[in-house]
Amino acid sequence: MAANAHLGGAGLPDVSQAPQILAATSITTAFALLTVLARMYVRVFFIRNVGLDDYIMVLTMALSLAGFAVIIPEVIYGAGRHTVYVENTASIATHLNFATQGIYMWAIGLVKISIGLFLLRFAPRRGYKIFIWTLMFECKDIRTIWDENVKSQCFTSTQLLELSYTNTGLNILTDIIFAILPAIMLRHLQVNWRVKASLVCILGLGIFACAAAIVKLSVLPNYGRTGDLLWDYSTLTIWVVVESNMGIIAGSLPTLKPLFKQILGTY
């Protein structure tokens, strides 16, 4: 037992956050998948016009599914438990978590690109177009985190924390702007006021992804604080997945108007 005293969670009871991780990630991933499938159904069979924003959203959903597929063995190998109780498999779980981070960071970045491309369909002025393109690609080259050459140098927990703060802060800023921008931009669009209102409200749902990012920001200080990474990153993993999937849902709902119209009738 003394040999294990240095391991994270030594002396603490063997409890697991695995059920919370699996519940949160599976539910949000399922809802995100349903919205993307509905989106593509509308684009292919109603609109008969599939755009670049749709393809990027499909890619984002594929990444989300891949991330969820990695989370399952990650939990099996010990994610959500104290390291001392899964000493033999802790290294595997930690490696899988790094893969999960890389996958979802790509997903979070791509979902914003998809939303930006969707907004470009409605941008009435060149200034709005330039602003949206800038937001989609502002300082988010995640290769600085997930580049093989960099990875071999093994970031410390402090470095990962600083990078996470920067990335999350930029994501929150982008989410807020994308939630507010439609209300400003659509003032000049010559369409029925009810269409404007529905677009603004639905696109404003991106604020939920922003809320998830803010919660993620609040739990970042716990990352690596105790050296018990398998336990510490459990809540962070949940909110990274929620942020990604809420972005997918919010970015896909505006495209479902024809489907809602068919189901609910003209409004």
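Cβ atoms are placed via backbone N, Cα and C, with glycine included.
Marked as domain 'Rhodopsin' by TrEMBL: 38-261.
Look at TrEMBL and you will find 21-42 (among others) tagged as transmembrane segment.
Summarising the annotation, TrEMBL assigns transmembrane segment to 54-72 (among others).
Under the heading transmembrane segment, TrEMBL lists 103-123 (among others).
Per TrEMBL, transmembrane segment is recorded for 197-216 (among others).
Among the features that TrEMBL reports, transmembrane segment is placed at 236-256 (among others).
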Intrachain residues whose Cβ lies under 8 Å of the transmembrane segment (54-72), provided they are six or more past its termini: 21-22, 25-26, 29, 32-33, 36, 39-40, 43, 79, 96, 99-100, 103-104, 106-107, 110-111, 113-114, 117, 237, 241, 244-245, 247-248, 251-252, 255
Segment confidence, the domain 'Rhodopsin' (38-261), expressed as mean pLDDT: 75
